[in-house]
Every structure is written in C-alpha cells, then in structure tokens.
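Worksheet: one structure, shown below.
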Amino acid sequence: MDAIVVSKADRTPRLVDRPRPDPTPGSVLVRTLRVGVDGTDHEVIAGTHGGFPEDADELVLGHEAIGVVADPTDTRFSAGQLVAPTVRRPRGDPTPQFDRGQPDMAAPGTYVERGIDGADGFMADYFTSPADALVALPDSLAAHGFLTEPVSVAEKAIELALASRSAFDWRPDSALVLGNGSLGLLTLAILAARDDTETLYCLGRRSRPDPTIDIIERLGATYIDSRTTPVADIPAAHQPVDMVYEATGHAKHAFDAIDALAPAGVAALLGVPAAGWTFEVPGSDLHRSLVLENKAVVGSVNSNARHFRAAADTLAALPDWLCDAIVTGVHDTAAFADAFRDGETSIKTAVQFDTR
C-alpha cells in the first residue's frame, strides 16, 4: 500500500510502499480517505517536534484523518462506517488517564502520538486502530471529517476555559483568537456560533486582500493586524476581552494575553513555542493583574474521544461555506507534495487516499 513517510536519513516526505496492516482482535482496519496537514506535521518534518517509532528509521506522517471501516473484526463497528481516529496511545502499560478515557491528560513520556511522536500515523492507504480510539462520524462528513481532530482540540480548550470560570456567574460576551491559521479560524467559527459571544476579534499577520481575512469578516469578527496593533494594545484600540484563545505558538503571546483580558477573563494557550527563547516580562504586574482582577490562564493540548464526538456535532453544524473556504487544497497521492507547500492563499490542505 502507499504510505507517506519521513526518515532519519531524509526529512523530505516521500511516498513508499508498505505492507497493509492486519487488525488484531479488538482493533479495526480502516481504509483511509483524507488526512489533513497542519503546523505540527511541518515541525515533525523539520525534526523540531516528535520522534520516530522505537527501532524504526521511518515515520508515517499524519494525525488528522478520516476513513472507512474495512474490517471491524470483533468490535462494535460495521464495515463501511465512517470513522476518525484519536491521536494518543499508551507507551507501554496504560496509565490511569488512559483507563479513564482521558489520554489527553496523560503525562509526557507515558504516551505516543500517531504520526507525531513514537508511532506511525495515518497517511497510508490503510491503518489499524483500537476500537476505543475511533469515533464514528455521519456520512455527511466524508469530505471534511479530517477536520474533526483540530476541532476537537478547540473543543477541549474552550471547555477548560469555561470550567475555570465555573465557580461564579461568568457571562462572557467577547473573545479574541490569536492566529488566523486553520485552527484559529475553526475556533473563531465555534465561538461565533455561541449565543453569548457578541464581539469577536481575530489577530493575524496577513495583508489584504487575503482569504483568511475574508473568512474572519464573514464570520462577523474584526480582523486585527498584529504588525500595527500588538496583543497588549488591543484593550486600548478595541476593548479588553473575556476570553483569549492563543493558537500562534508565539511565546510572548502567553503573557500579552493577560494584558488583553478583561477582569475575570481567561486565556487558553494551545500553541507550542520552540524551546530556548528567553525574554523579559513585567512579572509583578502580570501577577498583580491575575490576582486582583481574578484572571486565569489555562494550557491545553490534544483531546479525547468525547471531544471528538463534540467536534463531529460542531462540524456538522458549521455553515456550509466555511469548510470549503478553509480547505484550500486536496491533493491525491500522485501530487502529495503539494499538500506540504505553503502558499500565500493556502489555509488548510489534505492528502486524499481514496473516496467514499
């Protein structure tokens, strides 16, 4: 079967032939339809994030996938059913977090991540997965179901942010998304659909005309160019906001977000910055702001099957035009390299292995 890999000797993604995997009892053989490409994939390719499977020189890429059950073995699934796989698996014996169905809360070193760190991903004609790591999707999501994974990540982060404010009567009506990549835009759409979020902002570094700005404004949000209005200046230029959702991986944004918050606001951090960057921050001022204004900062990574199910519902409810606008390129395996190229008008790309 076809598979897209990187190797220790060659970090350039390439198409190779691999044997089709055989499912074991309790696992499912899935025929892959589409696999998305995101910033994490580029970090894996560059060697700045993740790692290879134990005793292997190659890693099959891809962690955002949708496929069709080819062989359900003895599981609850049926042949032909549409499914999306979660990403984390135990490294050795499962920890209590895995036993509770919360692999997203497992400690580093206790898990591998398909297509990212220590385990082959889903960019292949077929893959196998334990049944409990698969989520059934409606047939209506056959084209865009690979977005379930990134939407699930947004669902978890928003859930954590709301939970941090659940001890009191919090009534947020404004939010700021940092980052106008695909994850930021999908999150903006989720927030736009909430009844309590009346004012939305999205920060980026693109100049008009630009398709991401078009999407932002079509969702009813205000675009902020960080080159003219840095995050810390947003309260003066616009307003302090109740929620900040950081999806840039720019380390200073973690601290600037505190300044952007209104009293009792919360910032959710998702971006993972490169290690080793040091800079000065006004520590006592930030500390005072957090305490005296009841602000909170939460970190969030990965997601679990419950978030995937919520993401499937969210995707099905998004405006029909949105996914078509965000997914700017779907490439078959003969032209898979195009999915890894960033263009001025590209937002989200995917590799297509098969059709429904």
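Cβ coordinates are placed from backbone N, Cα and C, and glycine is handled just like the others.
Just one of E149, E155 is listed by Swiss-Prot for the same Zn(2+) site as D38, H63, E64, and that one is E149. E113 is the only one of E113, E280, E344 that Swiss-Prot places in the substrate site (with T40, E149, N302). For the binding-site residues E113, S182, N302, a Cα-Cα cutoff of 10 angstroms around H63 (Zn(2+) binding site) retains E113. Per Cα geometry, N302 is the residue among the binding-site residues T40, N180, V272, N302 nearest to E149 (Zn(2+) binding site). Cα separation, N302 (substrate binding site) to V272 (NADP(+) binding site), rounded: 12 Å. In this structure the alpha carbons, written CA, of N180 (NADP(+) binding site) and E113 (substrate binding site) are 25 Å apart. Under DSSP, E149 (Zn(2+) binding site) is assigned to a helix (H, G or I) in the three-state scheme.
Looking only at the binding-site residues D38, L270, V272, V301, the one with its C-alpha closest to E113 (substrate binding site) is V301.
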